[in-house]
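Annotated features, as they stand in TrEMBL:
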type	residues	note
TRANSMEM	14-37	transmembrane segment
DOMAIN	55-258	domain 'ABC transmembrane type-1'
TRANSMEM	57-80	transmembrane segment
TRANSMEM	92-115	transmembrane segment
TRANSMEM	135-158	transmembrane segment
TRANSMEM	179-201	transmembrane segment
TRANSMEM	240-262	transmembrane segment
Amino acid sequence: MTEKLLLRVATPRWLWVPATLALILLAGPLIALTILAPWGRLSAILGDPEVLTSLRLSLGTAAISTIISLLLGLPLAVLLHRLSGVGRAVLYGFLVIPLVLSPVVSGLALLYFWGRRGLLGTLLENLGVQVGFSPVAVVLVQVFVALPFFVIAALGSFEGVDPDLELAGANAGANATQILRYITLPLALPGILGGTLLAFARALGEYGATITFAGSVEGRTRTLPLQIELALNSNQPDQALGIALMLIAMYIMVVVISAWALRTVVSRSVVSRGTGVPAQPLLASRSTASAPGRG
């Protein structure tokens, strides 16, 4: 009742005008895709061998890049959570820059680092390793654009962990690794899951940096977004619409699961603040379980 009263009394009516315009700008293009999609030919379009090849490549590279983002991003998020001052600002700056870079600039930066004439690419070329125009290049692009999404989501989850729980674990005799493993990570797990899904979605939809650095080679670097571009250039709008609908369906799944993860984080945070500090029993049970038996 209170929420409805606030909505009616404390919300100016004129806000509905710009809010409605914003909704039209956001939802209008998606609704147009849905209405104009070739639903009758959708199964045939998505069953095309080229589309299936791009789908397998997209899912495979996105899965690999997501795993890499998880393995590398989790330690980075923990460090950002613990650090303060200049060190945190510098790390956070390097994390945010890829988010605001133009996709073409991102691809160019990757080209001059990993490419044949790049800083590291020259060394790899001398060793007989060629990164460009290969699935490895696609994964490197996806990690570059997806890693920041994961780290920021995980960092937000870590920031929501009650520090009193971690201090209680330290007072109970736990070392830093035990506190991270048994207290911090379990409480931040839903947010980490949400960040993982966001990273996967970002990797799955990458286009600009991929075509700049990895190119568009069928079966090697042509992911679903690049297949859409090829379909449009080949005067096959129905195929482009069909692939777009498939990507949108995947994104909707990611949004739903991420929303659930965020809701779980909030509910756990409230419960942990209202039920006291459970760290000592948790660590005690771990210690008891790992202690040798006595005869």
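Keep in mind that glycine also has a Cβ here, set from the backbone N, Cα and C atoms.
Against the transmembrane segment (92-115), stretch 135-158 has more CB pairs under 8 A than any other of 14-37, 57-80, 135-158, 179-201, 240-262. Non-local neighbours of the transmembrane segment (135-158) in the same chain are 57, 60-62, 64-66, 68-70, 72-74, 76-78, 80-81, 95-96, 98-99, 103, 106-107, 110, 114, 184, 188, 190-192, 194-196, 198-200, 202-203, 206, 209-210, 213-215, 220-221, 223, 265; each lies 6+ residues outside the stretch with a CB under 8 Å from one of its CB atoms. By the Cβ criterion (under 8 Å, sequence separation of 6 or more), the transmembrane segment (57-80) is in contact with the transmembrane segment (179-201), since 3+ such pairs are found.
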